[in-house]
Protein chains: 4
Amino acid sequence: MNKPALKLAIIGGGSSYTPELVEGIINRIERLPVREIHFVDVESGREKMAIIEALTRRMIARAGVEIDIKASFDRRAAITGADFVLTQFRVGGLQARANDERIPLKYGVIGQETTGPGGFAKALRTIPVILDICRDIEELAPDAWLLNFTNPAGLVTEAVNKFTKVKAIGLCNVPVSMRMMIAEMMECTPEELSLECAGLNHLLWAHRAWIDGKDVTDEVLQKVGDGATYTMKNISEEPWDPEFLKALGAIPCPYHRYFYQTDAMLAEEKAAAESQGTRAEQVMETEQSLFELYKDESLATKPTELESRGGAYYSDASLNLIDSIYNDLKSLHVVNVANNGAIPNLPDDAVIECSAVVGGWGARPLAVGTLPVAISGLVAQVKAYEQLTVEAAVHGDYDKGLMALACNPLVPDISKAKLIFDDILKINHDYLPQFGRS
Amino acid sequence: MNKPALKLAIIGGGSSYTPELVEGIINRIERLPVREIHFVDVESGREKMAIIEALTRRMIARAGVEIDIKASFDRRAAITGADFVLTQFRVGGLQARANDERIPLKYGVIGQETTGPGGFAKALRTIPVILDICRDIEELAPDAWLLNFTNPAGLVTEAVNKFTKVKAIGLCNVPVSMRMMIAEMMECTPEELSLECAGLNHLLWAHRAWIDGKDVTDEVLQKVGDGATYTMKNISEEPWDPEFLKALGAIPCPYHRYFYQTDAMLAEEKAAAESQGTRAEQVMETEQSLFELYKDESLATKPTELESRGGAYYSDASLNLIDSIYNDLKSLHVVNVANNGAIPNLPDDAVIECSAVVGGWGARPLAVGTLPVAISGLVAQVKAYEQLTVEAAVHGDYDKGLMALACNPLVPDISKAKLIFDDILKINHDYLPQFGRS
Amino acid sequence: MNKPALKLAIIGGGSSYTPELVEGIINRIERLPVREIHFVDVESGREKMAIIEALTRRMIARAGVEIDIKASFDRRAAITGADFVLTQFRVGGLQARANDERIPLKYGVIGQETTGPGGFAKALRTIPVILDICRDIEELAPDAWLLNFTNPAGLVTEAVNKFTKVKAIGLCNVPVSMRMMIAEMMECTPEELSLECAGLNHLLWAHRAWIDGKDVTDEVLQKVGDGATYTMKNISEEPWDPEFLKALGAIPCPYHRYFYQTDAMLAEEKAAAESQGTRAEQVMETEQSLFELYKDESLATKPTELESRGGAYYSDASLNLIDSIYNDLKSLHVVNVANNGAIPNLPDDAVIECSAVVGGWGARPLAVGTLPVAISGLVAQVKAYEQLTVEAAVHGDYDKGLMALACNPLVPDISKAKLIFDDILKINHDYLPQFGRS
Amino acid sequence: MNKPALKLAIIGGGSSYTPELVEGIINRIERLPVREIHFVDVESGREKMAIIEALTRRMIARAGVEIDIKASFDRRAAITGADFVLTQFRVGGLQARANDERIPLKYGVIGQETTGPGGFAKALRTIPVILDICRDIEELAPDAWLLNFTNPAGLVTEAVNKFTKVKAIGLCNVPVSMRMMIAEMMECTPEELSLECAGLNHLLWAHRAWIDGKDVTDEVLQKVGDGATYTMKNISEEPWDPEFLKALGAIPCPYHRYFYQTDAMLAEEKAAAESQGTRAEQVMETEQSLFELYKDESLATKPTELESRGGAYYSDASLNLIDSIYNDLKSLHVVNVANNGAIPNLPDDAVIECSAVVGGWGARPLAVGTLPVAISGLVAQVKAYEQLTVEAAVHGDYDKGLMALACNPLVPDISKAKLIFDDILKINHDYLPQFGRS
């Protein structure tokens, strides 16, 4: 069948990650005949987007491929006729993230930008914007796929699924990072490793791991317990207790440290905030030096320094997903999609992160059956937090927002929930018109 | 129909509560023709049981009713032919309770005897003993009803339901206390008030309150938020935040303070432990003075001082339940029984605390439908803790025990879970043969 | 508490049952202080309503109670300010019922007015009318209770629950008839008998029966199998196979004969239709003679001849229900209400027929837990039929209607489903404007 | 990775299908390095197995591949060390099948060997035998995969999953036949077609069909309604009503005709039984002539006449499955496996037929979410029949067997259920020792 060439719209095109994405497109041009990439960003990102535009044009030219690069502030033009819309924007920029990290810490609570109160604040800012984007997609590119990277990716994708008709898949680099790290410790290729994953975004377990049809879950747990490298750039590598891992019986994701090793993670965050600054504050510096590099007119490839930014494999994960959809590959990916029974006890319309078969039909999750009780309890609790957060973000509902934080396992009690929520509302005032509090 | 007169077996007969129970029996003798009460206790309670035996004989004599009082250490004799077996024993006595309260506090964690790690330790000690009692009931009184007051009452009843054939109902004084306090603040009689209750033991919500067919839930929440008396003797009366109550939309039980107001409750516990001692340590003193009173040979009624002991309405709650069963009243009680769909998303065999119709058929819970997500998430999480605790207690399974504590919302992370669990195993060594660790 | 006196609105006031209802009110006047009864009917029932009005006025006068009887064609006036609205109307009258019975028989399919294609046709005619009534109640008596007797009572109540805000309970005389017949065969009073009932309207099982706390289910099944009287006026008393009853392990309702003894029931219906006429045709005669009696100005009580009309206990069932609500009795009734988890595997908003606690809060079903698989399969199948029928009736959706009949276990296949459906649409053309087919 | 070569055990090796299977193995020898095939059969099949053994040896020799062919009556030897055990046996042979078809017809009920009472009888005979086989596999080849073709494949696989530890997948040629026929009518290759399948064995729907990411379900339904070829060799091609298909909204499988077009199928069965004989009687003749062909010593390939036997694609379906497992392909197949939430409202351990990802980990079903109510009702009803049949077959429980037939939608009522069941027990007496009735 003769398939048409592709148009991609990149919302948040001025991101420092963009060169990696473009590199990935160039490398796959035989499988993914992209004819146009339209970057779009907000006015305050004008300078960064210009740098990205120039760099990626140089990359395209050097590679000798024919892709039309556009960069504008006209989101509707970018979306019109797009086949895939990629969202990697950050409402409020890194300064808002720094606030997300600092506010909870002030009250002795984990300050992390995706999980806990930080992710809650980010969701409140992000969801109204992505719903706006979806209204445009419904009108201007109703057959397009939305691939959402914007964190908290599960929550945000759930809002899209519940409140729009857009075909959306949420994507995270945690699952592919888990695969890479486990393959390395097991000394096999990533392709030889099978993982049965199910949970929520940043709360993902590989329930079982196989190599070549042999269940190696216990072996992996032992290696992780023995100190095999098992974390991501942006998460402190707190060691795992081998006895706990054995009792758990499933492979946690690096972000689980926030839930299972809360005290140690909190101590590390506090120490970092006092010395080198929170993660956002560190990233600001990295970003600045990256963009300095990007400006260099002799640069026509993705610089290796980008890897220290974190977010490894994002480009691969998203482009492999597009490949699976466009070429109807029916291959397995771990994505954020509507549950539809994959995890019993969660509603059909709850977005989960799970192994799914991706093809022209989108993503169909694998049914994993009833989860172990120690896992399903935590999943239910965190999903309650997520459902309430979506309601709060969409309707500007203070009560729902308060209950969301009260349900979050990282928030110790309601008095702290309220203090933190009120600070979040105040400091993010300009980004939260839905709450209409002055 | 001519019903036979009743034999009651009271396991833990030497409890200071027993006089209240006997008083209740005397008051209901027309409806509940009790012919025999057999107290049974362990050797170390010999003195207390003798005091109770003498006091209750005097009470019977004074009332002029014909009840045969027996007291022995022969549990099998007590159970043989009993119609109702009441369990109110405490494995390890108040000293064990003091340990349950002190160990978690050592690590900055809520130290409460029913909820959190304290209740976990109590469950580990209690469940093997109650299963033993049930083996006797299965053999010697297979038609008897077991009414279990021993805390944590929900957990313990779940173990009985899952691992024995005994007809069991778990009972707590929290629901009746809630009714009394709400009736008082609403200025109606307890009978005029209807409460639709569902949750877990010590994690119970009245989802709606009616007076005379009118929904008064919001009014009750407002009064509680405004500072109406709403606690029990053994729980610090931390005030409730009115905004939180409005957002919650259901009436929490006094024990919810441990979950919703964790920091304040912890602070209060710490302060108390340092000054007047933990609750157990205070109760030891009360107990001593109560038994001094009980010894007084001129005393032939329940002394009013008993009320300061806490545990109000226990006697009424249990005897009204017996009345409902014996006289097939089909009246509503809030009890701990198998879920059977009353709370969707929990298994049929999970024991819940809920409004139920009690009669000769036992207790049939009312179906309340899908709970609000902010409540069902917490229920799922705590029920996961309970299911794992039951497994750990029955099978002496260390992994299950560790995961149980890791699932308990009052335990902040796994490193503390492990420290606490190891202390519990060590200090309770003699009471936990199932763990077989030396 | 001083409760206001009651106004009742009776939709379909010209029914031959009405005198029984009024008699019941007179008998309960101490408990239910009714001050006004407003009968309302359609123009074509003018004569009958006039006869009923006159007779009931005579009854009131004779009893010396003060009740204001009104009769009109002004439904809105009747509903305004009513406390209870009782619906016992029949769209299309007995002629429509005769059609409902004749059409399926033409194709060799059970022709019964509540179950199978006959009930389907009746639902299509009835649901639009009752939704109209509910719009009036929402506006004119928003606190009123709707008690619906109109068959198929479960289906119709489900439509009300899903598409209106009216507080509704569906009522049937089958459960009380079962209680009466079982009590008689067990030689106890109806009050001594406890039945745990759950299923759908006219598809109700008593899963267990107790007398005085003793499970007598097997004994009841044996007596029914041995030929104890166990049917209702309008259902042929086909004997039950004792081996089948033992295998079933639950007490079926008389209407189950249509599902379990289809061939014999069909044969009986065919024979009756050819000789004395279908049930509707027989009832027409009874009705005529009843109204002749009612006209007699010397008559001032319910004539005993009414009992041969069928529908025994309707009056008692409905007035006891009103008593429970008005006086907040919290007594057990078997009613049609939203499932809310009482039968797992059915949605919360599916209306079921089940034992429920009735008081000022309405009806709260008992949770019965997972049903035996032989029962839950049939329940799922019939509920699918009901859900589709409600959709078809409300939206005039031909596809849903066709699938509804295809799902009905009494309809052997889709070719017959279609023939019957098309006949129903044609013959009921004037009553089914929602289908808009000419 | 260097994988060991494979041993296959074929239970029922004397089947006329075997040459097709061996041909498939020869064609895939590069991907599936089979080193040994061990046929095993019962004594009464000695002659057929000898013919098959000789023919397949000639096939192997002609193809020049090295496979060790063994044929014996020693099931334990065959199973020892096998990597895959394929079960294609028929307890009681074609004569038993003829009985299965004739008995229901005698009572005017569909007589089909997999669906309805015929399949019930076959399950009762088959399940005890396959459980015996599984005991051998547990002991002698615990890592082997059991691929079960023996009908009713869903039921039989459910028994294996519930009562043994064997890793089993049930397989049917209906799904692959559906794919072939739909691809042909849509003029695409089978690979270009995506089907989302879920249901039960011989009660399978393709809920949606895609070509190249485009949903073509409605188009397929229209073509089937317009008379596109859509049946299998052994099922009468009764035309589908286009209006019904539109209302159904999903693509039924050819066997659905028995449920949706019962009257026409019954009429066709009766006519066939009176003229050319039941399907079993026709197959007996085909079989005889096939074996005559097989005897021809010059024959060294699968004869084309085998195709008229029915059972197309069996060989491909099973060998592609083995390929997916052995080479860890993670490709999509439609198989019979434990539900695990794929179809909500069915238990986790119910075996369903569904799209699943097959690899070294076995088969993981796709989660399809809540099915349309018209479909889920029928699925629940038929699964109830299947669960009861498994219980009846394993425990020889008459009550469960009677209720199973009473639940089967093809059996009109309990009187016929009983007549048929009693006939089945009598005529299959020698094959049903578990019922122990003499």
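Every residue number used here counts from 1 along the chain in the order it is shown.
Using N, Cα and C of the backbone, Cβ positions are placed for all residues, glycine too.
According to TrEMBL, the features are:
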- D:ARG97, D:ASN151: substrate binding site (BINDING)
- D:CYS172, D:HIS202: Mn(2+) binding site (BINDING)
- D:197-411: domain 'Glycosyl hydrolase family 4 C-terminal' (DOMAIN)
- D:GLU113: site 'Increases basicity of active site Tyr' (SITE)
For this session: Calculate the per-residue pLDDT averaged over the domain 'Glycosyl hydrolase family 4 C-terminal' (D:197-411) and state the result as an integer.
Result: 93
Seminar exercise, completed: In all the protein chains shown, the tally of other Cβ atoms within 10 Å of the Cβ of D:ARG97 (substrate binding site) is 24
Exercise. What is the Cβ neighbour count of D:GLU113 (site 'Increases basicity of active site Tyr') at a 10 Å cut-off, with all protein chains included?
Worked result: 24
Exercise. What kind of secondary structure is D:ARG97 (substrate binding site) part of, going by DSSP in three states?
Worked result: helix
Seminar exercise, completed: D:GLU113 (site 'Increases basicity of active site Tyr') and D:ASN151 (substrate binding site), compared by Cα position, are separated in whole Å by 8
Problem set entry | For D:HIS202 (Mn(2+) binding site): intrachain residues, at least 6 apart, with Cβ closer than 8 Å | D:THR114, D:THR115, D:GLY119, D:PRO152, D:GLY154, D:CYS172, D:VAL174, D:CYS253, D:TYR255
Seminar exercise, completed: D:ASN151 (substrate binding site) falls, by three-state DSSP, under coil
Seminar exercise, completed: Going by C-beta under 8 A and a gap of 6 or more residues, the same-chain neighbours of D:ASN151 (substrate binding site) are D:GLU113, D:THR114, D:GLY119, D:LYS122, D:THR126, D:CYS172, D:ASN201
